[in-house]
Amino acid sequence: MNELLTTSEMSRADALAIEAGVAGEALMENAGRAVAAATLALGRGAEVVVLCGPGNNGGDGFVAARHLACAGRRVRVALLGGRDRLKGDAALMASRWEGPIETLQPDCLKGAGVVVDAVFGAGLSKPIEGAAAAVVAAVNAMTVPVVAVDVPSGVDGTTGEVRGAAVRAARTVTFFRLKPGHLLMPGRSLCGDLRLADIGIPGVVLDTIRPSIRANGPQLWRQHFPAPQADGHKYDRGHAVVVSGGPWNTGAARLAAGAALRIGAGLVTVASPTAALPVNAAHLTGVMLTEAEGLDGLAAALQDSRRNAVLLGPAAGVGEETAARALVALAAARPVVLDADALTSFAEDPPRLFEAIGADAGRPVLLTPHEGEFRRLFPDIAEAAPGRPERARRAAARSGAVVILKGADTVVAAPDGRVAINADAPPWLATAGSGDVLGGMALGLLAQGMAGFEAASAAVWLHGAAANRIGRGLIAEDLPEALPAILADL
Ligand SMILES: NC(=O)C1=CN([C@@H]2O[C@H](COP(=O)(O)OP(=O)(O)OC[C@H]3O[C@@H](n4cnc5c(N)ncnc54)[C@H](OP(=O)(O)O)[C@@H]3O)[C@@H](O)[C@H]2O)[C@@H](O)CC1
Ligand SMILES: Nc1ncnc2c1ncn2[C@@H]1O[C@H](COP(=O)(O)OP(=O)(O)O)[C@@H](O)[C@H]1O
Ligand SMILES: [K+]
């Protein structure tokens, strides 16, 4: 059930269900009935105003209106555009609505105690303007609960972006499977409480559609998650290496190293420039320390093949020195996580990085950019691709790396096209050093042999889960400490 369907995949699901013998009319009837059921308890008997658009979303609205009226609610219906524009099942459902149909405009909302928003759903094809925009503004100025049908009108179901204007709903009822736009920002913040209704589309249609986007959660990677063996040795759980910045910039590497150890790497070593050895030594206990001065020093530290995964970037400094170190790490035939300054250091010449990744396509490389770092490495993709999942997917395909595009709605994409969207992280996770901890968590999972996409998705989810457990007041140092309880629950 963690598949997410783009709007075009959803219309394919609809068509395949109809091909398999389910009546389109029945799908719409079930959808509208589910909306009515989700609306009935709201507004304590107050009048419901159902706002219908010219397509099938409006058709669902007509069905909901009929069921609400049958259940004894006072209901008014307003339609955008003439009734003669309605086609197919939507026209049929409008004909089954026995009450009057008003013209959609802000005045229709007078006296409403609950609003059902059935203006636009999956068929949103352009920015909302004119009369529809005026109604959206009027709805959002009210304090009554709004139930959105499929998506809040104005939210793009595939990208979560607002086109022109969008309704802010208290509840959203969608059908068959969630859509990416329910989890991506700002869409997620406009949906309110999300409900998923079964409308009779058989699950087997997914075998044909093969959706590539999923909601991130343990279902996606639990079976790949490393479990310590009773007779295991610490070396069986990998030896992760985190490259430290200079003497004034060492904290980020230690945060990452602590997270790698907490998530189960058998050993973790900070590889430090000579001048930073004393400060690192003064702070490290379970994490080990080794000298890695300059490029030769790093290459020498990575000679030991038991050191089987490397993270570079946190507080590394932007410039040629860091870019060259990243190339040394990538040349050493083991999983690599590149974060922060290691990404920005390739802003002048991103293909140089992608070539080095491509030189050994067999091992996983993770890139962990936030939006700003992403734009520096993939400026054209950031400009042109519609929505964060597509941006991350194109970046992964181009770079050959798993891309973790960080934010409130972190997206993980693999070069083979798989995408996971994370929707559970709380806003207090945005705090100094939290990205370094995420890099360390991903590193620790790679060191334990987890595959790239699964390691990245698991790290992102556990990072958010740790933040939820800690609550407000979180600082980055707390995140690794919260992991044991979450791992125990997995
Ligand atoms: N698929 C399924 O399994 C099921 C789907 N179901 C329901 O169907 C919904 C999708 O229906 P849909 O495809 O008819 O699209 P919908 O959202 O009603 O809008 C299309 C109309 O709006 C118009 N329009 C668009 N944007 C506009 C704008 N900015 N400003 C002005 N006009 C604009 C657009 O005009 P056009 O683009 O043609 O010019 C067209 O007339 C889906 O969300 C779900 O609720 C359920 O019944 C159960 C089964
Ligand atoms: N509004 C938000 N809600 C939830 N998580 C967020 C939000 N904003 C940022 N994050 C997360 O916080 C972390 C910040 O990482 P990053 O940008 O690298 O910051 P830093 O460099 O300070 O560590 C990322 O994991 C990101 O996904
Ligand atoms: K809607």
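The backbone N, Cα and C atoms fix where each Cβ goes, and this holds for glycine too.
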Q.
Of the residues Gly433, Gly435, Gly439, only one is listed by TrEMBL in the AMP site with Lys406, Gly407, Ala408, Asp409, Thr410. Which is it?
A. Gly435
Q. Of Ser11, Ser95, Ser153, which does TrEMBL put in the K(+) site with Asn57, Asp117?
A. Ser153
Q. Which whole-number value in Å describes the distance between the Cα atoms of Ser153 (K(+) binding site) and Gly58 ((6S)-NADPHX binding site)?
A. 11
Q.
Cα-Cα, whole number of Å: Asp117 (K(+) binding site) versus Gly58 ((6S)-NADPHX binding site)?
A. 9
Q. Cβ under 6 Å from ligand 3: which of the binding-site residues Asn57, Asp117, Gly407, Gly435 qualify?
A. Asn57, Asp117
Q. About how far apart, in whole Å, are the alpha carbons (Cα) of Gly407 (AMP binding site) and Gly58 ((6S)-NADPHX binding site)?
A. 34
Q. If you draw a 10 Å sphere around the Cβ of Lys126 ((6S)-NADPHX binding site), how many other Cβ atoms fall inside it, taking every protein chain shown into account?
A. 8
Q) Taking each of the binding-site residues Ala122, Leu124, Ala408 in turn and counting other Cβ atoms within 10 Å of its Cβ, which one has the fewest? A) Ala408
